[in-house]
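**Student:** Mind having a look at this structure? Questions to follow.
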């Protein structure tokens, strides 16, 4: 069952594909209820290759039954479990944030080295609270269920932009009352780098196994490195014998008290560890409140918003960070974080750059111009502000249309629907008391319909637009495709937007005489000036996107590259270059079917003279221009 964004899956509408794990693929989806009420959820669907595995399906069903009983602020809740056309799925709480492993990677990329001490301690403390809740669950008769997560790692911990910490995927939880299911001795599951000594030896596990794994997570958050690494046999041998170096060997500045807490959680003999996640969490809370009394979930939320500020801006979102957070963060003793906080937001930098390119406002700039609210499901075509603010909005319109997520209009053109030509007109004076024209009249930007003679001539698409909406990767092949290679000379595509797909009108010579040019002449000159400035800004943004995507591929950060490509396709469903990006990154991830589908979609969207068309046809073993 091939699924695509926009498809209906049971009671849910799929929004975007998020990734694929060892046993399931995940989708962001929404449950649509009566009166248009919607709820965002995360769909976890079992992969087709596991659908016929009775033992696996039995374990998956057991997971669903247990997970659905968990309801705690530090555990992502399971709302639904079911089967759609012989495919099992879980519908889970959608957490608006990032996985903990990506938070750590972003902190390192920002120059922090690792997470600040209070942040790492707070996250581990919250994890302990969620785990203790699961460990202490009982049935209706008060008997312990014996739930153990056994797969605690940073990618199974989500951090929201509101500062919430939630554990996900109790997929290998064990309950003593599970009918017909008990892990066989010697069978170990999970990520070996986070194995406890008893797991490494193939022994039975209990709640203290999760204490160990939480200690490993805290170790990595503090040191940006795991205590042991290497091949599985080497790692498991070191773990089984308790060969774990103290965190202070990698980070000497850590307080001894915190170092001792981590090492107690990582005691090889489980009897010497914290007796429960509750005890570990209490010890961490005592340390946090003694050394960082002001730290709270809001502190974590503010840090996340700072680290992922560019991502939020790209999504068209604005989550505020109070000025007081700067003072609090400086007490954490991380110079790189203070520098990051002092950096201007991406939006402000872009706005200032645009503002310098626009003429100063005239004295008549007193009338407010309102941008009408655009309903969901329509392209963002709006009226933009006047004078200098109008110039900024006109230039920003192109970049916003390119960057911000939106629900597109049905299109099938080789380029996305873009903000249309802008023409400027003088604001009319009141009829009762006409005033003499000012030297710099107020300028109001309006959208000009395509049939308007004042609009610049746009490049025509190579074929007629389809009446049906285009969904990325909608083409499904009849048979299993062969692996699609990634051609190295297929450089990352340039993402086009706004005026990049229009022929820029010739500039009006400044030396041309303009005595009594008239309103139309002034309008045409001003329109061309604004379009030239917008075109320059859009080209700069294209180069940035191309360099970013190329860098992600070269650094083999395929998850980030896939996220960027998915954003591009979601924001610009009619843009062939986005499908080219998706095809390339799926090929790198060794997903031949998905890669082929996106390359096929690229061929359907791209004009016949597209410079990459011949190369894609060659890769797919096609000839000519047909699809």
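Note: Cβ is positioned from N, Cα and C throughout, glycine not excepted.
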**Student:** To which of the residue ranges 369-409, 410-450, 451-491 does TrEMBL assign the term region 'Disordered'?
**Tutor:** 451-491
**Student:** Is it possible to get the count of other C-beta atoms within 10 angstroms of the C-beta of residue 45 (ATP binding site)?
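**Tutor:** Taking all protein chains shown, residue 45 (ATP binding site) has 23 Cβ neighbours within 10 Å.
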**Student:** Which whole-number mean pLDDT does the model give the domain 'Protein kinase' (12-288)?
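**Tutor:** The answer is 87, the mean pLDDT of the model over that range.
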